[in-house]
Ligand code: HEM
């Protein structure tokens, strides 16, 4: 009898413990944001969120307002959609709001890399040195060399200029931008003597293309991998690809290359000095590949597509590109369809800058997450003060709350190439209810976790578009082609991708 009693008590205790862990007993405390746990224990709204995060968040915003807490896969996320709170969140001290807790888990799950304490500092230091300022000038030259290697080889101008070539725009942009960026960062084939240079270039073209094709396979699996919902067959494929990249990008293989960037070599060295073993550094190189190459190609695609769909925008950007080329004596001419785009030239393109910013506003959609390490309070624009609970997570989704907000950006679904500049070329300010909005577009994130590669990324994309417009006439095969919808399974991971590709054609201008 006594045994039965003990068993019953244990069973009840386990049941309550389980329900507690599933979040069944959580109640909204006074001063906390509205709480919505959904109806499925533990999972909460995980399925709705994964299916189409933006749609789900819009629905929640209509139901609860600009701040609400939802249960997603065992975690309570407080979504803050009021832009006036962004400054307080992104500037909050790391002892209260920490971005590493969430990022570390994801990086381990997706790339097999276990970050160390100094990781963030190492990334920041190397990026400041090599992807900004003088370091960026070096990287710009390296990237230009690789764009030339990929785009300008085998080019014959003159009689053949009338020949149109057709391709898929998304694939074309992603392929070229990925390969140029990859070669500029991770280095090129070694060669001795000028006579072997062309052979090495050909090797670079072949190798970078293979790399791209494997990368795309991983890229396609990425959202489901991050949500840990891959079916067994895809899981095996993801494991195969992970191992392939660890090996292809391994520290040992890297040392057999020429022109390896300071960004890559410094980070490897600093990690080694901090005791990270070589096999882990191989994995880190894979993480860097994804961070550096996963968004630039897709962004270049959207920018070129919007330009092709908007004649006035295309003309304005093309006029600017031609003017800068002319003034820098870099015009492509009949017989010499070659051009050297420099950092200086890319500093003189306010119209292209605005077109890129507009593209990012429309298609860059990261979700920024911080772990709440101590209870904190947050004041909204209406004056309400909320307490956010220790152990929860805070999430921002600027695509919905600012970038597509009609109060900040009128007609947010329209591509307006000059939205970000005044007629005199200076930068515009943005307002909501008459108050200036500081965070009016956040494609790069903000605060401590802001993208350290943002200046290099802009340079690569602008350089690619500059080259495409200088060298080619471009048009859509079907002029009436609708802009494809975005793949809603990718919200939160950076630049969105289209659900289908778009046919386009190009021919040499000279
Ligand atoms: C259009 C292109 C790009 C976009 C939209 C983009 C966006 C972002 C965003 C939103 C984050 C921060 C995520 C967060 O707060 O959790 C991030 C992080 C990062 N990005 Fe970028 N990025 C781009 C290109 C690049 C490039 C070209 C590089 C390097 C060459 C790069 C390197 C990184 C790294 C290393 C991190 C992680 C930083 C850390 O953990 O401290 N990104 N990026």
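Even glycines carry a Cβ here, placed using N, Cα and C.
A TrEMBL annotation is a machine prediction, not a hand-curated record.
Summarising the annotation, TrEMBL assigns substrate binding site to 295, 393. Per TrEMBL, the feature heme binding site maps to 451.
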Give me the CA-CA distance between residue 451 (heme binding site) and residue 393 (substrate binding site), in Å, as a whole number.
20
Need the DSSP three-state call for residue 451 (heme binding site) to compare against my parser.
coil
For the binding-site residues 295, 393, 451, the one whose C-beta sees the most other C-beta atoms within 10 angstroms:
295
Mind running the binding-site residues 295, 393, 451 against ligand 1 and keeping the ones whose CB falls under 6 Å of it?
295, 451
